[in-house]
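Copied over from TrEMBL, here are the features:
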- Asp91: active site, nucleophile (ACT_SITE)
- Tyr146: substrate binding site (BINDING)
- 184-286: domain 'Pseudouridine synthase I TruA alpha/beta' (DOMAIN)
- 1-26: region 'Disordered' (REGION)
- 352-375: region 'Disordered' (REGION)
Amino acid sequence: EENGHQNKKLKSDVDEEDAEDQNKKSPKRKIVLLMAYSGKGYHGMQRNVGSSQFKTIEDDLVSALVQSGCIPENHGEDMKKMSFQRCARTDKGVSAAGQIVSLKVRLIDDILEKINNYLPSHIRILGLKRVTGGFNSKNKCDARTYSYMLPTFAFAHKDHEVQEELYRLDRDTLERVNQLLACYKGTHNFHNFTSQKGPRDPSAKRYIMEMYCGEPFVRENMEFAVIQVKGQSFMMHQIRKMIGLVIAIVKGYAAESIMERSWGEEKVDVPKAPGLGLVLEKVHFEKYNRRFGNDGLHEPLEWTEEEEKIAVFKEQYIYPTIINTEREEKSMANWLKTLPIHDFNSSAVEMQTNNKNPKKSSDLEGSDGCGDDSD
């Protein structure tokens with residue numbers, strides 16, 4: 001400049017400065033994001049910082065938040081800095097249509113569009129709402145609704161030869177399934193439906209509000225049905241084991257009385273249905289909505305306007321993945337073959353004292369990373 005020449009700034013430097021100015025102008029605010037994703041190929045929702053070996057949904061989300069300019073890069077490395085909290089920790093292969101995460105971000109223009117630009121098509125942010133500064137999506141959640149989509153031949157009696165594609169669920173069997181699922185309603189001790197919880201652990205008691213199987217429908221020549229379950233919270237593997245036990249009873253492997261036994265103190269061998277088919281449908285914030293939803297400052301955490309987008313996402317990404325994977329990998333058909341290995345009459349202690357053959361390690365309870373929300 002002293003020589004009469006103006007310094008020319010590189011375009012990239014100007015862009016960076018503009019972005020910095022924009023970030024300074026954009027205050028940080030506590031928000032929630034409504035997320036939908038297909039979980040196939042991911043090791044669950046929750047990020048394992050420092051472990052790039054197992055890719056999670058949050059890895060892709062945090063990357064998109066940084067690239068879009070919503071959060072600084074160091075917040076991506078330390079998620080506590082943006083007060084990040086997911087509502088439910090879905091595990092390996094599990095999908096979601098209504099996951100909620102809470103975090104502090106810069107409210108930049110066209111924020112949803114910009115975040116989605118950096119996400120793969122099977123992960124979408126479908127909605128955003130401002131919330132109170134102290135909001136925590138996990139702690140403020142009153143209940144969670146999951147669905148489990150399965151081929152109906154899973155309910156065919158073990159003594160009947162069935163062709164999987166030709167099988168159709170009859171009315172009597174559907175009624176029996178629903179009678180059994182309704183038994184789960186209320187508060188029970190679910191220590192037999194998860195791993196690493198003893199019968200006297202108070203946290204093994206869980207409250208189920210509703211559980212039922214809907215009308216069957218045909219996709220790609222195969223009949224499917226969807227089981228819905230709403231509860232306050234679920235432990236790892238709990239939903240899959242609840243469904244696994246009902247299948248074992250309906251198929252004739254286990255007596256109906258095993259349900260009552262499973263809520264008692266003895267150890268009961270409860271089979272765990274495959275992870276494929278499990279979807280986090282919706283999370284509920286009734287108490288928060290009553291207190292803040294109509295205070296004139298905050299919106300209720302309801303997503304009626306986004307329902308169509310949720311339905312479209314499920315049809316495009318979640319249902320086809322479940323159906324195609326079931327047809328190609330036969331996860332349900334292969335799992336059904338393992339049911340005779342389970343001993344539904346004895347407790348685990350009796351089995352050991354009777355010196356029976358030990359079960360394969362794959363049939364024992366344990367965290368394989370496939371499961372439900374683990375609180």
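Heads up, the Cβ atoms here are built off N, Cα and C, so glycines get one too.
Distance noted between the C-alpha atoms of Asp91 (active site, nucleophile) and Tyr146 (substrate binding site) is 13 Å. Residue counts for the domain 'Pseudouridine synthase I TruA alpha/beta' (184-286) under DSSP, helix first, then strand, then coil, are 25 helix, 34 strand, 44 coil.
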